[in-house]
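Q: Shown below is the structure under consideration.
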Amino acid sequence: MHACVQRRRFGFSPAVVPRLLYPNLAPTNAMPNSTDLRRAGLKATSPRVKILEILTAGTEHGRHLSAEDVYRQLLTSEIDVGISTVYRVLNQLVDAGVLLRHAFEAGHAVYELNEGAHHDHLICVSCGRVEEFHDDAIESRQERVANERGFVLRDHALALYGVCPACQAGAGVSSMVGLNA
């Protein structure tokens, strides 16, 4: 398993277990609920439930939020939770398999719901936007590369870095030419 994606299973319903464990799972938008939290040994506390609601709703950066993003949204909702509580709850939810943690840039962690369906990421180096995608050709090629070298592929994490359309438009397309040289 790739180091920047942490996954564990603690008795969750199929809506929130990794695709690695259930390869035939179809993608789902089911949100983990208080029953899932209890099965994982977690109480359905107000901070846990609110943080799950925030991650389910998504934002301008999609469904991938940093602890600071979550904290700002809690403040906007006038919910009195400290930043240390946010970090602690996020770590508990990762350990329980409810969330996935990704370290895309220099150790900057973002979190998303673990919905069981595999996907890769496009990350804008200008604004931090994260976009999910799935490409069967990429998946097939990765499997072939591993097989050609005698590996049995168990998991992978692919993150492509670039500049999103909005940032390209803001900077002017001509200024974007040659950035990948």
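Residue positions begin at 1 at the first shown residue.
Placement of Cβ uses the backbone N, Cα and C atoms for every residue, glycine included.
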Q: Taking Glu78, Glu105, Glu139 as the options, which does TrEMBL list with His118, Asp120, His156 at the Fe cation site?
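A: Answer per TrEMBL: Glu139.
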Q: Asp120 (Fe cation binding site): which of the binding-site residues Cys127, Cys164, Cys167 is the nearest Cα neighbour?
A: Cys164
Q: I want the residues beyond Cys124, Cys127, Cys164, Cys167 whose C-beta is within 8 angstroms of the mean position of the Zn(2+) site's C-beta atoms, in chain order.
A: Val125, Ser126, Gly128, Arg129, Val163, Pro165, Ala166, Gln168
Q: Taking Cα atoms as reference points, which of the binding-site residues Cys124, Cys127, Cys167 is nearest to His156 (Fe cation binding site)?
A: Cys124
Q: Under 8 Å between C-beta atoms and at least six apart in sequence, can you list the same-chain neighbours of Cys164 (Zn(2+) binding site), or say none if there are none?
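A: Within the chain, Cys164 (Zn(2+) binding site) has Cβ neighbours under 8 Å at Leu122, Cys124, Ser126, Cys127, Arg129, Glu131.
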Q: Whole-number Å distance between the CA of Cys167 (Zn(2+) binding site) and the CA of His118 (Fe cation binding site)?
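A: Here the two Cα atoms are 27 Å apart.
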